[in-house]
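K.L.:
Positions annotated as transmembrane segment by TrEMBL: 41-62, 83-102. Residues or ranges marked as domain 'FAE' in TrEMBL: 100-388. Residues annotated as active site in TrEMBL: C243, H322, H406, H410, H439, N443. What TrEMBL records for 405-484 is domain 'Beta-ketoacyl-[acyl-carrier-protein] synthase III C-terminal'.
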Amino acid sequence: MNGGAAPPSAASAAAAAATPPHRRLPDFLQSVNLKYVKLGYHYLITHLLTLMLLPLMAVILLEAGRTDPDDLRQLWLHLQYNLVSVLVLSAVLVFGATVYVLTRPRPVYLVDFACYKPPAHLQVRFEEFMRHSKLCGFSEDALEFQRKILERSGLSEETYVPEAMHAIPPQPTMANARAEAETVMFGALDNLFKSTGVKPKDVGVLVVNCSLFNPTPSLSAMIVNKYKLRGNIRSFNLGGMGCSAGVIAVDLARDMLQVHRGTYAVVVSTENITQNWYFGNRKSMLIPNCLFRVGGSAVLLSNRGADRRRAKYSLRHVVRTHKGADDKAFNCVYQEQDGEGKTGVSLSKDLMAIAGGALKTNITTLGPLVLPFSEQLLFFATLVAKKLLSAKMKPYIPDFKLAFEHFCIHAGGRAVIDELEKNLQLSPAHVEASRMTLHRFGNTSSSSIWYELAYMEAKGRVRRGHRIWQIAFGSGFKCNSAVWHALRNVKPSPDNPWEDCIDRYPVELVDGFPTHKPQQ
């Protein structure tokens, strides 16, 4: 009992009711006014050039209407007597136009992509995860730590681990690791070739990225052998580049498509868990066990003009930021052995701060490429005020919601998504695809941004003209961005990984678990 006092909620409600309306109304009006003032500002700056040109055009039309026909005849005669000058000017214009057409970057189209969905028998329940961990000889302290991480991870009990990790004891052999890689990569590629109708022999560029598993022959060679790709294919295998390597692979494929005309490029992004499960007790190295899950994607890019009609997206920008020169950033995600000689990936406590710094650098470069001039002007004005006037003011955070309709934030964990949602001032709707991907598939490393785009397509949210921002973080430390432009109203591809469960999403999460029945 509390001595008859009203509950806090009731007391606050009573106080609010007792407050005269004329004292509360100005705050409401002020927020509304600020909203409309900002909207008016953006509209004015966005259309400033048009508003300035309208009076100029009106003056030109008025003057043209007053022009004497004799003056026009005199001008024509003048041009006839200066035929050499006209021809030289025309030749310069034609030459300049030709050079521009030949040297401008070729458009790169994303024809389609596919994400691998593992079979249901590879799903890992939390109870099963903990039982297997106990049988693997983890200490009680390590088991309790993993249990807490699982509960707060944002993962559901429908995520997948490879066949070798379901065995008791686990079988992290080279053969099983190869089997996992082949199953994931070939599964995604089979779906991609089936949905696009492209023959493997038509592929001229192949880029594969996988950080922790790099066998000999390489993963790219495994794909060449499986699909009997042509002998002059330009193939690349990227290793050790972390969860942001998917964007790096797209950037490399884009560069190759600028050089080689009329061809296709395939980008395969995956990670391998079989040989990279940590069996020790160091807490900083146990976190990947709880977050990383089986997954992979295959993306078909093209520089053929004829593919524009059927392509889903065009690639607009790729911005890459590398913080490896800083020792803290370099060591914050580090593969090593613990004191008992067991290998794993250690995550530093400074990881989120380093990721925030990398993101800041990345968006400083990306902002001028994508933000409307109104946002750039505000950012520049606050920067000048802070530098010249020594004003104690926070730097203006550009509103990236004005530049993008959709955000694919790497589903590295709840903390990563929470941090970007806060720093970029996004709404829950903007990070929904990232949270749901983490919940349904876990951290699938570099392929997670493609599961997120597949989620948006399955929901029917991507419309013609929409802009998509893919943001990925990885060891090194790196932050990379890719910007896509939707060429049409995008429908989900056949065998979309969400097709059998999209009606259950989104779900509301508290500490990683649904709080109620999934929304329809």
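Cβ atoms here come from the backbone N, Cα and C positions, even for glycine.
Keep in mind that TrEMBL annotations are predicted by a computer and have not been checked by a curator.
Locate each feature and note its surroundings.
P.N.:
The Cβ of C243 (active site) lies under 8 Å from the Cβ of S211, E271, H410, G412, N443, S445, S446, S448, A472, F473, G474, S475, each on the same chain and at least six residues away in sequence.
The average per-residue pLDDT of the prediction over the domain 'Beta-ketoacyl-[acyl-carrier-protein] synthase III C-terminal' (405-484) is 95, rounded to a whole number.
Proximity of H406 (active site) to non-local residues of its own chain (separation of 6 or more, Cβ distance below 8 Å) is seen for H430, A433, L453, M456, R461, V462, H466, R467, I468, W469, given in sequence order.
Its Cβ taken as reference, H410 (active site) is surrounded by 32 other Cβ atoms within 10 Å in the chains shown.
The Cβ of H439 (active site) has 23 other Cβ atoms within 10 Å, all protein chains considered.
A sphere of 10 angstroms centred on the C-beta of N443 (active site) encloses 26 other C-beta atoms.
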K.L.:
When you measure from the Cβ of H322 (active site), how many other Cβ atoms are you left with inside 10 Å?
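P.N.:
Excluding its own Cβ, the number within 10 Å is 19.
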K.L.:
Where H439 (active site) and H322 (active site) are concerned, what is their Cα separation in Å, rounded?
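P.N.:
Pair distance, Cα basis, whole Å: 29 Å.
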